[in-house]
Amino acid sequence: MAELTALESLIEMGFPRGRAEKALALTGNQGIEAAMDWLMEHEDDPDVDEPLETPLGHVLGREPTSSEQGGLEGSGSAAGEGKPILSEEERQEQTKRMLELVAQKQREREEREEREALERERQRRRQGQELSAARQRLQEDEMRRAAEERRREKAEELAARQRVREKIERDKAERAKKYGGSVGSQPPPPAPEPGPVPSSPSQEPPTKREYDQCRIQVRLPDGTSLTQTFRAREQLAAVRLYVELHRGEEPGGGQDPVQLLSGFPRRAFSEADMERPLQELGLVPSAVLIVAKKCPS
């Protein structure tokens with residue numbers, strides 16, 4: 001009687017008959033609430049409308065006897081005769097309670113789905129924050145590596161400049177030792193003869209322009225040339241060192257010492273001239289020098 005009442009209630013609430021019977025059977029006929037829970041949980045299953053195969057009377061493969069079939073039919077008819085008849089008001093009240101129960105189950109399901117959606121959103125945001133923090137850490141590491149690389153390059157550049165300065169000092173010391181004593185002990189070059197005095201006392205000499213840099217072109221014995229800009233107060237030894245560092249390898253492997261000559265007027269620069277500034281030697285703002293092989297002494 002309870003099963004029939006629950007089945008009819010489920011059918012009146014709009015559930016298909018086959019689905020309602022399957023829900024009652026799978027929940028052990030524990031009532032309409034358990035059957036509704038099953039229907040709400042399995043409404044999206046692809047096999048929810050497939051009939052439940054539960055043949056009556058098949059026990060270990062044995063067909064029911066005629067007496068068992070008669071007993072089943074008798075019990076069914078007795079159950080049908082003993083079913084209470086509900087009035088229209090009672091049926092409507094029962095249907096109303098069932099609909100309220102369905103609505104309550106639907107609200108509970110929506111609330112559960114909403115909680116699950118909120119949890120998924122929190123997880124998504126947490127994962128996004130972790131990803132953003134990882135990207136920020138990666139960017140900071142890249143910036144730190146770039147700063148270290150710049151510091152390393154700057155240190156290497158300073159070390160290279162220091163090596164060049166040390167090489168200039170060693171070269172000066174070696175040349176002073178080779179030519180005997182300090183370079184400053186050599187006699188200074190002869191002073192130039194005074195030029196003619198201008199005939200007109202009212203004529204003033206033009207103002208000499210001061211230059212901070214000079215452009216030196218050096219012609220090598222093989223026909224090629226080197227061009228570099230130096231400071232006006234830099235020594236001629238810097239030009240000679242630049243030529244020695246940048247001239248090509250000569251046949252035979254050895255490198256002869258560099259002898260610098262001026263093009264016009266023709267002049268060979270001595271070791272004492274190597275210590276003099278370019279401005280003092282008259283090589284400012286530009287000059288052309290010639291490299292000649294110096295015979296070893």
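Residue positions begin at 1 at the first shown residue.
Glycine is no exception: its Cβ is also placed from the backbone N, Cα and C atoms.
Quick look at what TrEMBL annotates:
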{"type": "REGION", "residues": "41-214", "note": "region 'Disordered'"}
{"type": "COMPBIAS", "residues": "42-52", "note": "compositional bias 'Acidic residues'"}
{"type": "COMPBIAS", "residues": "86-122", "note": "compositional bias 'Basic and acidic residues'"}
{"type": "COMPBIAS", "residues": "137-177", "note": "compositional bias 'Basic and acidic residues'"}
{"type": "COMPBIAS", "residues": "186-199", "note": "compositional bias 'Pro residues'"}
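Summarised by DSSP class, the composition of the compositional bias 'Basic and acidic residues' (86-122) is 35 helix, 0 strand, 2 coil. Note on the compositional bias 'Basic and acidic residues' (86-122): residues 9-10, 12-13, 32-33, 36-37, 40 of its chain, located 6 or more positions outside it, place their CB under 8 angstroms from a CB of the stretch.
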